[in-house]
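S.K.: Please read through the structure below; I'll follow up with questions.
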Amino acid sequence: MGQTLFDKVWKKHVLHGKEGEPQLLYIDLHLIHEVTSPQAFEGLRIQNRKLRRPDLTFATLDHNVPTIDIFNIKDEIANKQITTLQQNAKDFGVHIFDMGSDEQGIVHMVGPETGLTQPGKTIVCGDSHTATHGAFGAIAFGIGTSEVEHVFATQTLWQTKPKNLKININGSLPAGVYAKDIILYLINQYGVDFGTGYALEFTGETIKNLSMEARMTICNMAIEAGAKYGLMQPDETTFNYVKGRPYATDFDSSMAWWKELYSDDDAYFDKVIELDVTNLEPQVTWGTNPEMGVSFSNPFPEIKNANDQRAYDYMGLHPGQKAEDIKLGYVFLGSCTNARLSDLIEASHIIKGQQVHPNITAIVVPGSRTVKKEAEALGLDKLFKDAGFEWREPGCSMCLGMNPDQVPEGVHCASTSNRNFEGRQGKGARTHLVSPAMAAAAAINGKFIDVRKVVV
């Protein structure tokens with residue numbers, strides 16, 4: 001019996017434990033940020049422990065950082081978390097991509113951009129969207145603060161191996177339909193828990209034809225499908241992305257191992273899902289979890305249970321309405337899901353020569369300083385600002401109500417982020433998840449439109 005991609009990487013990292021029982025995994029890369037690391041560092045101090053592998057631990061500042069005046073942090077808790085990480089990095093010898101540094105940004109942007117994220121690695125971070133790195137053929141997953149401390153102390157974690165679920169995606173994406181629409185559609189069709197207990201391997205011709213940035217968008221939202229892990233087979237697209245990046249110093253010697261990272265033809269999957277994207281439409285969420293979404297041409301569904309009723313009440317919507325009926329007030333282009341250069345380029349095609357609708361506050365937050373510099377080199381900052389968008393500094397920003405960037409209560413926001421929970425973008429904020437192109441078109445038109453009609 002052959003092995004899946006996930007099985008191969010898992011097996012290589014098992015230090016102790018039997019099949020079917022919790023196993024001790026070696027961790028190749030530990031990414032940290034200011035929110036989930038302070039207590040873990042304090043635990044080391046209390047027990048007088050050293051950091052086991054500071055050379056495999058990298059820090060960035062993202063969740064709490066302001067995106068307007070980055071060195072003027074008014075919130076006391078946010079400021080404390082940021083300064084604490086800066087001091088902890090100094091005390092324990094951790095490399096930090098600090099405020100204002102050339103590489104600072106959202107943790108799931110920084111890893112790939114610097115070449116830290118590589119095929120075949122085990123990667124952890126105290127953040128639920130760590131599966132983003134699985135797009136490179138890595139086992140990457142989010143962990144809690146107690147686990148962060150365990151990795152600090154031992155560079156290992158006890159984990160129970162999940163089952164394997166293959167999502168085979170084929171067909172050519174229509175113009176105006178993107179990777180974000182693929183993952184939103186899957187979650188809408190199969191629910192927010194269909195991946196629970198599984199490692200999701202995304203495969204098929206559609207995946208092979210996607211850029212690395214688009215692949216990361218899909219893996220980023222594996223957790224919204226209930227899965228701890230989401231990954232893809234590394235190929236020439238992957239290798240070309242990694243090659244030449246600062247931390248990819250063992251590129252040539254690693255290729256032999258990387259080229260073995262695929263699921264064997266006779267590998268067993270516990271479950272298989274088939275998807276043809278040929279007729280896929282742009283997706284829009286209407287409710288308060290990512291499962292509550294529709295294809296653009298479809299009306300919002302009938303109320304089936306108390307959760308639906310609560311969602312409609314919170315969102316101020318009702319069954320039978322369509323996405324174009326939503327009265328938008330904010331548009332947010334950003335987050336670890338869709339704040340990469342290709343996302344901003346796609347959005348720029350939509351808004352070029354246009355003006356943001358007078359009823360809309362539109363914000364662009366590049367996911368990292370690297371993306372910001374590259375976008376500005378292309379003149380995208382001027383294009384967005386000329387259209388009426390705010391052009392901000394890198395950070396998690398409006399993805400979560402943990403920093404100054406928040407959506408006002410009761411206001412509907414077209415967002416390229418990954419979660420539309422109650423209060424996610426601020427108290428009473430009403431979030432609608434969409435692709436960057438859909439968000440850009442909404443900013444110009446003041447409402448959702450079928451972006452397939454305007455995509456360039």
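Cβ coordinates are placed from backbone N, Cα and C, and glycine is handled just like the others.
Per Swiss-Prot, the features are:
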type    : residues               : note
BINDING : Cys336, Cys396, Cys399 : [4Fe-4S] cluster binding site
S.K.: Same-chain residues six or more away whose CB lies under 8 A from the CB of Cys336 ([4Fe-4S] cluster binding site)?
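M.R.: Those within reach of Cys336 ([4Fe-4S] cluster binding site), by Cβ under 8 Å and sequence separation of 6 or more, are Ile106, Val107, His108, Met109, His129, Thr132, Asn220, Gly367, Cys396, Cys399, Asn418.
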S.K.: For the [4Fe-4S] cluster site given as Cys336, Cys396, Cys399, which other residues of the same chain have their Cβ within 8 Å of the site's Cβ centre?
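M.R.: Leaving out the recorded residues gives Asp62, His63, Ile106, His129, Gly334, Ser335, Thr337, Ala339, Gly367, Gly395, Ser397, Leu400, Ser417, Asn418.
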S.K.: Using DSSP reduced to three states, classify Cys396 ([4Fe-4S] cluster binding site) as helix, strand or coil.
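M.R.: Going by the DSSP assignment, Cys396 ([4Fe-4S] cluster binding site) belongs to neither helix nor strand, so it counts as coil.
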S.K.: Among all protein chains shown, how many Cβ atoms are found within 10 Å of the Cβ of Cys396 ([4Fe-4S] cluster binding site), not counting that one?
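M.R.: Total other Cβ atoms inside 10 Å, all chains included: 29.
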S.K.: By a simple count, how many Cβ atoms lie within 10 Å of the Cβ of Cys399 ([4Fe-4S] cluster binding site), its own Cβ left out?
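M.R.: I get 30 for this one.
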